[in-house]
Amino acid sequence: MSRMPTVAALVGNPNAGKSALFNALTGARQKIANYPGVTVERKAGRLLLPSGEPVELVDLPGSYGLDSTSPDEEVTRKVIMGEQAGQAKPDVIVLVLDSSNLEQHLVFAQEVLELGRPTVVALNMVDLAERDGLVLDPAALQTALGVPVIPTVAVRRRGLTELAAAIAEARDRSESAQPVSRPHVTLPERRMLAHQMASGAILSETAKHRIHARMDKVLLHPWAGPPILFAFLFIVFQAVFSWATPFADAIDGGVSALGDLAKATIPPSLLRDLLTDGVIAGVGSVLVFLPQIIILFFFILTMEATGYMARAAFLMDRMMAGVGLSGRSFIPLLSSFACAIPGIMATRSITDPKDRLTTILIAPMMTCSARLPVYAVIIAAFIPNNRVGPGIGLQGLVLFCLYVAGIVGAMLVALVLRRSVTKGAASGFIMELPKYQLPTVKDLALGLWQRAWIFLRRAGTMIFTVTIALWILLNFPRAEPGQDQINASVAGTLANGLSVVLEPIGFNRDMSLAIIPAMAAREVAVSSLATTYAVSASDDEDQAAVALGDQLKSRWTLPMALAFLAWFVFAPQCLSTIAVARRETNGWKWPSFMLAYLFALAYAAAGITYWTAIAAGLG
Amino acid sequence: MTLDQLPIGTPARIASVDWSALVAEEAQRLRALGLDEGARVTLAYRGVFAGRDPLAVEIGRMTVAIRRVHAMAMTVEPVAQAVA
């Protein structure tokens, strides 16, 4: 008998532990893509039934009801109804309920059950409910709901086999008989029934969420909360810079060794130069930043997994309200510190359209990890590694200031935008604060691996291609004897043209040259500088193998370096961000606006920085 | 008394909600979270900055953050502490 592979969908309220359950059921065999036409992430994986038969499991966005109020919830509704393009109608619905929040989650559960689809309920996180002093009776709930109820603990892999068996059974049963649906009732009735069912399923109940409340007492404390958050964020940024150093040095050493090996084994030729100056120097200089990116994502993923991210949003809401945004914008903006692309995509949880648009427009000003390579190289070359206080280095402090500059700039722009182009009804802030949870090593590792892989793939494909293209543009046409190779090249000619515009803000030819390919991705600026100086160094054998930092120090002044940093705080140098902004705003209007105002800001900031530094005598 | 005036930690029942004072989508969102007439709520936290905004409201075993404007639309009446 042949049939289409069975499709099962995970459905539930936000914070029901769906993602952890999804990871536990499918392991690392996951495919992440987008639903066609919308930018909602589609997460699918393979689950094995007890018979060994594979089932496609889809993790749907968390939802409070089938009356969608956000694009995320809209996808959930459409998939359940079988109306979503690119997604087969699920054969079985797996309703995920948080055991310690039954009364609330049973409201949406009833709405789904009214559809009369084959359904299995996963009574998730029963261990946390027990920790909170709740003892549940799954059998009573099963009787009340009329569908199988399986207690699960995703993180400890409890109940997973039983759940898989129940999915198989529900699928087989639906082929022989039509499942009965619950009668349609109104929301207040549903809520009353949820209350009855929850009380009926709770065997005993002692003190209410104690650990949770005790942690909030400190972390949401009106006076203690904000300093704790800022201290934590400061530690994150210091860690990104200092913890990564040994790993980055090791990668750097490996890349240099590889370059030397290639130089020693391959006879001198243009092809060897392409390999050493182009590929190894270019891609290697970006690869060095993998440790920093992993550390930053480690903190962001941990904040999300523990539930602290929502508290951060709560604490930040008042400040965000000051510029016309809400605490909800804090999460996309914080994600943008890793990368503006997931940040802009995370704005989909913001329900107010004007609020969301403003957040998209300012997200590129958050210092993303692609800027770190640029900042790190320039700071290491020009800022002395002095201590300015206990545990605070001058280099870390400068980095912190660059982050602050981006944040302040973004807030000022938001303030202006909300009073002009994105004016609208005052945005609100309504958000569930999930329970605190210990993150599981496996889920964290999986998330980190997915982020690291995206970065490596970029380094391996786009950055690789751009670096080679730049190398070719730098080496052709070949210079006449006695002529500078870069000035003779195509890239040099382009950069000399651009220099006319950028000279007033202190940029030399090499800097203008670096920002052209950096339109593809900011970190390419570093590999371009590395390639440029490797090309010009090979003209002059004495200078060969001089580190990029020393090259910069001998060719740039401090005001030039600072202007370059200021430029990168604002410049929208990332094609992927522009592409994702176009997709999220459905057109070129807002991305064009974003490009224009960010370049204008970058030009002004670099110019002001350069001339202030000159006036202060730093040159 | 409206929800924003409720002393922290005092259990109360939402007696009525002036839905017309709220944006339609936000009203729907609040209802989906269970913040509706008849719900039992406790005010858990207030923000520290100007206006003591936002508010964290406990409803059942869930904590929900809302703005003061939302709380001002909700009339509450304190209820006697349930005997444990």
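Think of each number as a place in line: the chain as shown, counted from 1.
Glycine too: its Cβ is placed from the backbone N, Cα and C atoms.
It should be emphasised that the depicted structure is a prediction, and the values quoted were computed from it without experimental measurement.
TrEMBL has this to say about the protein:
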DOMAIN    A:5-173  domain 'FeoB-type G'
TRANSMEM  A:218-241  transmembrane segment
TRANSMEM  A:279-301  transmembrane segment
TRANSMEM  A:330-347  transmembrane segment
TRANSMEM  A:359-383  transmembrane segment
TRANSMEM  A:395-417  transmembrane segment
TRANSMEM  A:455-474  transmembrane segment
TRANSMEM  A:560-581  transmembrane segment
TRANSMEM  A:593-613  transmembrane segment
Over the domain 'FeoB-type G' (A:5-173), what is the model's mean pLDDT?
87
Contact set, same chain, for the transmembrane segment (A:218-241): CB under 8 Å, 6 or more residues outside the stretch:
292, 295-296, 299, 308, 311-312, 314-316, 372, 376, 391-392, 395-396, 399-400, 403
Is the transmembrane segment (A:395-417) in contact with the transmembrane segment (A:593-613), using three or more Cβ pairs under 8 angstroms as the rule and ignoring pairs under 6 apart in sequence?
yes
Against the transmembrane segment (A:279-301), which of these stretches has the most C-beta pairs under 8 Å: A:330-347, A:359-383, A:455-474, A:560-581?
A:455-474
If we skip the immediate neighbours and take only residues 6+ beyond the ends of the transmembrane segment (A:455-474), which ones have a Cβ under 8 Å from one of its Cβ atoms?
273-274, 277-279, 282-283, 286-287, 290, 293, 369, 485-486, 489-492, 494, 517, 520-521, 523-524, 527-528, 531-532, 535
Residue numbers, six or more beyond the limits of the transmembrane segment (A:330-347), whose CB comes under 8 Å of its CB atoms:
39, 41, 293, 296-297, 300, 303, 309-310, 312-313, 316-317, 320, 356, 359-360, 362-364, 366-370, 403, 410, 451, 574, 576-577, 580-581, 584
